[in-house]
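Quick look at what Swiss-Prot annotates:
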type    : residues                              : note
BINDING : His72, His74, His242, Asp317          : Zn(2+) binding site
BINDING : His72, His74, His242, Asp317          : Fe(3+) binding site
BINDING : Arg81, Tyr144, His177, Gln245, Thr322 : 4-imidazolone-5-propanoate binding site
BINDING : Tyr144, Asn319, Gly321                : N-formimidoyl-L-glutamate binding site
Amino acid sequence: MDRVFINLHLVSMVNKQQTGSDGYQVVKDVMIGVRNGKVEYVGEPCPSILHGHPDIIDCAHALVTPGFIDCHTHLIFAGNRANEFEQRLQGIPYEEIAKQGGGILSTVQATREASEDELYHLAVHRLEGLKRDGVTTIEIKSGYGLTLDDEIKMLKVVKRISELPDMKVSSTLLAAHAVPPEYKNRSDEYIDLICDTIIPQVVKLNLANHVDVFCEGIGFSTKQCERVFRTALKHGLRIKGHTEQLSNLGGSALAAAMGADSVDHIEYLDEHGVKALTKNNTVATLLPGAFYFLKETKLPPIALLRQYEVPMAIATDFNPGTSPIASLRTIMNMACTLFKLTPEESLRGVTCHAAQALGLQNFRGKIAVGMEADFAIWQLESPAELSYRLGVPDLIARVVDGEIFHEK
């Protein structure tokens with residue numbers, strides 16, 4: 001062993017079939033052995049594990065969970081839209097704000113004007129809040145460039161962030177986020193650019209794991225999204241979708257049928273769509289931050305998702321317009337208070353189910369032999385406190401590939 005963690009209380013998130021427990025209950029006085037960045041032992045204290053003089057970390061009866069995974073973010077952008085926040089509070093509708101040059105296209109303009117270095121430093125600063133909440137893996141999307149060069153610029157920033165030693169990154173191409181101004185009323189031609197030029201070039205440069213789309217009346221049609229998905233799959237990329245946020249176009253069922261790892265937002269998802277998620281083992285990613293920030297009233301179909309046993313992930317959806325919230329624990333609380341998830345569902349949503357939403361369920365999101373050694377060590381007594389209490393610095397340290405990172 002390279003490193004052994006002793007005197008810890010474990011919340012493994014490993015399911016009943018594998019352990020006989022539910023993975024959420026606290027198992028006291030556990031030892032974890034790590035070698036080459038992976039978990040090699042989990043169980044009762046075992047003196048033989050200490051042979052070879054590994055580095056011993058006494059957790060002093062702290063609570064240990066899998067490292068948190070924020071599986072849906074728009075972390076990279078320039079500018080901010082605080083002025084729009086004020087306008088919305090005054091009752092000005094989004095459509096009017098957009099006509100005045102606001103909305104997503106204002107972020108596109110600012111992001112296009114920013115250099116790669118500027119975007120990198122802005123994103124690294126934003127990461128700090130997520131780190132304090134125990135995040136060890138983050139998904140980051142492009143989507144504020146909307147040209148070949150600017151989408152690649154954003155994805156190069158994602159790649160630079162992935163080189164940080166204390167954060168793992170999953171990269172998503174979201175060129176189909178909005179129709180850029182130069183393609184106004186020519187969205188099919190913009191889809192041509194995405195499929196014929198942007199996706200092949202991103203694959204050539206190895207800059208993305210997934211391709212995402214915004215399937216909505218104000219975004220792209222199911223026919224257009226299907227074409228993007230087919231192109232992505234043909235080039236060996238995984239797929240996911242922003243679907244059923246504002247209306248029910250059938251984007252979730254389409255994405256699931258094509259093998260999507262997750263569909264996200266899903267406030268308007270119906271039973272047909274839920275059945276499609278079950279059939280194709282697609283994760284439903286809930287984004288309560290956007291629901292809260294936009295003062296929406298249409299709740300996701302939580303009862304149906306439970307009935308059909310669809311895994312539910314939750315994420316910050318961190319972005320400048322509709323969820324400028326860099327706190328995954330705040331989002332966990334919102335998932336409970338706004339969407340009526342239980343604290344257990346909330347914790348699964350940022351660990352094992354979030355890993356599945358990124359296609360990483362065999363590597364992260366649980367603490368078990370063979371998994372990557374990504375943990376969060378908390379000064380807490382029970383896992384329910386993670387959703388219950390906000391603003392208190394409960395995190396002692398994050399562990400990424402077995403390396404320890406103490407938070408400021």
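Heads up, the Cβ atoms here are built off N, Cα and C, so glycines get one too.
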Would you mind sorting out which of Arg81, Tyr144, His177, Thr322 (the binding-site residues) have a C-alpha within 10 A of the one on His242 (Zn(2+) binding site)?
His177
Calculate the distance in Å between the alpha carbons (Cα) of Asn319 (N-formimidoyl-L-glutamate binding site) and His74 (Zn(2+) binding site), and round it to a whole number.
5
Going by DSSP, is Gly321 (N-formimidoyl-L-glutamate binding site) sitting in a helix, a strand, or coil?
coil
Work through the binding-site residues one by one (His72, His74, Asp317, Gly321) and name whichever has its CA nearest to the CA of His177 (4-imidazolone-5-propanoate binding site).
His74
With Gly321 (N-formimidoyl-L-glutamate binding site) as the reference Cα, tell me which of the binding-site residues His72, Arg81, Tyr144, Gln245 is the closest one.
Arg81
In angstrom units, rounded to an integer, how far apart are the Cα atoms of His74 (Zn(2+) binding site) and Thr322 (4-imidazolone-5-propanoate binding site)?
11
In whole Å, how far does the CA atom of His72 (Zn(2+) binding site) lie from that of Thr322 (4-imidazolone-5-propanoate binding site)?
13
Among His74, Arg81, His177, all listed as binding-site residues, which has the most CB atoms within 10 Å of its CB?
His74
Cβ within 8 Å of the Zn(2+) site's Cβ centroid: which residues qualify beyond His72, His74, His242, Asp317?
Thr73, Lys141, Asp264, His265, Leu287, Ala290, Ala315, Phe318, Asn319, Ser323
